[in-house]
Amino acid sequence: MSVQVSPEQMATLKATLLNTPGNVPLHERFRALFMLKAVGGDEVVDIVSEGLKDPSPLLKHELAYVLGQLLNTRALPTLSRVLENPTGEHCSMVRHEAAEALGAIGAEESLPILRKYMQDENREVRETCEIAVGKIEFDLSEEGKKTNANPDFPTIDPAPSAAPSDIPSLRADLLNTSLPLFQRYRAMFALRDFGAGSKEAVEALADGFRDGSALFRHEIAYIFGQLSSPYSIPSLLSRLRDAKEDDMVRHEAAEALGGIASDGVESENPEVVLPEDERLPEGGVLAVLREWAVKADAPTVVRESCQVAIDMWEYENSADQFNPLDSLSAKQEEREKTEKVNTTGMERSAHAAVAAMGIAA
């Protein structure tokens, strides 16, 4: 979706994202980011790039993600600098996202820098560059040129889905550590394509949480956020609450839980009785998110992710699906509730806010 906004609206979005007033809550900055993503264009690339000076790794990681999803080559120099990280200001989570964004844009000119950092000392960066190279090479191939993305999932994925197959075969490829990561990612996204209603596919994906790669585990959590399947809730909670789990995995698990905005199969179907180790604590998922959002000893990325996830949860369960930037929705006082689509919860809330502008191009 691409929309046109007035200079005043663009200024409001920019000020919100960049925290010009100095007191903008993180979840509002996230929503402004995804509203800017819906607008697109060179000016948005410049605004989002400016945000990479922010001290929050969580926000910078999301900024890099959006730069990739915009598919604008204007972002290539910025993303390359973040990956190179000459001043040491960007952590591995942000650098990984910059590499993934280069893969998303898919420019052949990005191959040399991605190949260079396939030798990086950080595993997540190395692996991301490997996958990004695989994606660009695939996109440039004859097979890639004939491959169409799944229209049910409006995102630029790190790897195209594998050819349709049965779940056991895809699960075998997903878990086969002797295969290239790019091939395993293709199996991962093919399992995603079975949809939220396939318990077997969700459980196959959840088995991937046992993998030794934090990058691999974090991508599964991201996919669960897209699917919004109640079947994924127990495994996501397990990742979030595991203090030994990598921060980037816990971050994705938190945001996925916020977007799912449900207490799972048992709450939606009272006749279903879950095993003891899959039952929710008192207060449900939201209570867990609230606990970690204020936990003093939680890593900053995890704590901030839970704060954003709480906002996502509240949005998904809101009767009016509000837009915090009220001035941008004044053109339409009432709007039908936006249907849930296969995007992350934060992006869904931004899409609703953009729709409320009533100016979709």
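Backbone N, Cα and C atoms are what each Cβ position is placed from, and that goes for glycine too.
Swiss-Prot annotations:
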REPEAT    59-85  repeat 'HEAT-like PBS-type 1'
BINDING   H61, E62, H96, E97  Fe cation 1 binding site
REPEAT    94-120  repeat 'HEAT-like PBS-type 2'
REPEAT    183-211  repeat 'HEAT-like PBS-type 3'
REPEAT    216-242  repeat 'HEAT-like PBS-type 4'
BINDING   H218, E219, H251, E252  Fe cation 2 binding site
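On the structure: features taken from Swiss-Prot.
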residue	record	contacts (Cβ under 8 Å, 6+ apart)
H61	Fe cation 1 binding site	M93, V94, E97, H251
E62	Fe cation 1 binding site	F30, L33, E97
H96	Fe cation 1 binding site	N122, E124, V125, T128, L215, M248
H218	Fe cation 2 binding site	D246, M248, V249, H251, E252
E219	Fe cation 2 binding site	P158, Y185, M188, E252
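For the recorded site, H218 (Fe cation 2 binding site), the DSSP three-state label reads helix.
Close to the recorded Fe cation 1 site, the chain also has P57, K60, L63, A64, Y65, M93, V94, A98, E100: residues not among H61, E62, H96, E97 whose Cβ is within 8 Å of the site's Cβ mean position. The residues near the Fe cation 2 site, meaning same-chain residues not in H218, E219, H251, E252 whose C-beta sits within 8 angstroms of the mean position of the site's C-beta atoms, are R217, I220, A221, Y222, M248, V249, A253, in sequence order.
A Cβ distance under 8 Å defines the sequence-distant neighbours of the repeat 'HEAT-like PBS-type 2' (94-120), meaning residues of its chain 6+ beyond its ends; these are 52, 57, 60-62, 64-65, 67-69, 71-73, 75-76, 79-80, 82-85, 126, 128-133, 135-137, 139-140, 156, 158, 215, 248.
Beyond the ends of the repeat 'HEAT-like PBS-type 4' (216-242), by six or more residues, the same chain brings 127, 153, 155, 158, 181, 184-185, 188-189, 192, 195-197, 199, 202-203, 205-206, 208-209, 248-257, 259-265, 268, 274, 277-278, 280, 285, 288, 292, 302, 306, 340, 342-345 to within a C-beta distance below 8 angstroms of the stretch. Note on the repeat 'HEAT-like PBS-type 3' (183-211): mean pLDDT across this stretch is 98. Residue counts for the repeat 'HEAT-like PBS-type 1' (59-85) under DSSP (helix as H, G, I; strand as E, B; rest coil) come to 23 helix, 0 strand, 4 coil. For H251 (Fe cation 2 binding site), the number of other Cβ atoms no farther than 10 Å from its own Cβ, over all displayed protein chains, is 30. Look at the repeat 'HEAT-like PBS-type 2' (94-120): DSSP puts its residues at 24 helix, 0 strand, 3 coil. Local packing around the binding-site residues E97, E252 was summarised as the count of other Cβ atoms within 10 Å of each Cβ; on this measure the leading residue is E97. H251 (Fe cation 2 binding site) carries a helical DSSP state (H, G or I).
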